Each structure stands twice: as structure tokens, then as C-alpha cells.
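Enquirer: As listed in TrEMBL for this protein:
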type: ACT_SITE; residues: Glu56; note: active site, proton acceptor
type: BINDING; residues: Glu56; note: substrate binding site
type: BINDING; residues: Glu63, Lys81, Asp82; note: ATP binding site
type: BINDING; residues: Glu63; note: divalent metal cation binding site
type: TRANSMEM; residues: 21-39; note: transmembrane segment
type: TRANSMEM; residues: 87-108; note: transmembrane segment
Amino acid sequence: MRSAGFAWAGIAHAYRTQANFRIEVWAGVLATTLALLLHAPLSPILLSCALVLGLELVNTALEAVVDLASPGLHPLAKVAKDTAAGAVLLASLGALLVGLAVLGPPLLRWLLP
Ligand SMILES: Nc1ncnc2c1ncn2[C@@H]1O[C@H](COP(=O)(O)OP(=O)(O)OP(=O)(O)O)[C@@H](O)[C@H]1O
């Protein structure tokens, strides 16, 4: 229970300080709402959201550790930050494709009956 509180503090910190995390949270809320309204499968949307948000949290954690360990510029600090950012980018592109594949057809049927 106590560790759940610490985990929630980490999520709240990311939401307060990371604009990308806020955008991803609200994109996830929008996609989930659309899936519910269009009776589209929810599992791929929820899994994609969990993957993107989870990786964004890991990216935020890694940035904090790198800044702590290497306040000055260092090539390895750059590799660590850029690679973690790359993981978030890949997951976000995957989630976008999943969203298009799952929500696109029912959305088109609704828009063009
Ligand atoms: N200590 C460092 N040494 C070398 N390059 C760094 C260092 N810190 C940051 N960089 C480079 O600058 C880029 C942006 O770093 P920054 O810490 O602002 O990350 P960010 O992705 O913009 O984070 P945030 O989402 O918090 O704004 C990194 O991806 C990396 O290429």
C-alpha cells in the first residue's frame, strides 16, 4: 500500500512536470472514449496506452538519474537520454498505428454511413 503511494507520487510528478506525459494521458483518454462510443475493441487501445505511458515514466526516471549522475554534458548521458526518448517515440508510433487500425474503420463507417 505504501509503495503504491510512492508509485502514485511518481506518476503525479511526471504529470506535473512532463508536457509529453500530459499529452499522452489525454490522447489515451480520447482514444479510450472513442473506442467505447464506437464499440471498437478496447484491449489494444488500453495496452498501447499502458505501453506509451509506462515508457514515458521510465524515460522521466532515466532523465532524472542522468541529470543527477552527470550534471555536465557527457556523450554517454546523451546516449542514455536519446535512447530512452527513442523507446517512447517507437511506442508512440506503434500506438498511433494501433489507434488508426482499431478506430479508423468504425470511425469512417460512423462519419460516412
Ligand atoms: N548531460 C548531458 N550530456 C549530453 N547531452 C545531453 C545531456 N543532457 C541532455 N542532453 C541532450 O539534450 C537532449 C534534451 O535533453 P533534456 O534533458 O532537455 O531532455 P528532454 O527530452 O528535452 O526532457 P524533457 O522532456 O524533460 O524536456 C537529450 O536528448 C540529449 O541529446
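Any Cβ shown, glycine's included, is placed from N, Cα and C.
Describe the structural context of these features.
Expert: The Cβ of Glu56 (active site, proton acceptor) has 24 neighbouring Cβ atoms from other residues within 10 Å, across all protein chains displayed.
In the three-state DSSP scheme, Glu63 (ATP binding site) is classed as helix.
Listed in sequence order, Lys81, Ala84 are the same-chain residues six or more apart from Glu63 (ATP binding site) with CB atoms under 8 A from its CB.
Beyond the transmembrane segment (21-39), the same-chain residues lying 6 or more positions past its ends with a Cβ under 8 Å from any Cβ of the stretch are 14-15, 45-46, 48-49, 52-53, 56-57, 60, 92, 99, 102-103, 106-107, 110.
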Enquirer: Give the subset of the recorded positions Glu56, Lys81, Asp82 lying near ligand 1, defined as CB under 6 A from any of its atoms.
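Expert: From Glu56, Lys81, Asp82, counting a Cβ under 6 Å from ligand 1 as near, the near ones are Lys81, Asp82.
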Enquirer: Cα distance, Asp82 (ATP binding site) to Glu56 (active site, proton acceptor), nearest Å?
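Expert: Cα-Cα, rounded: 13 Å.
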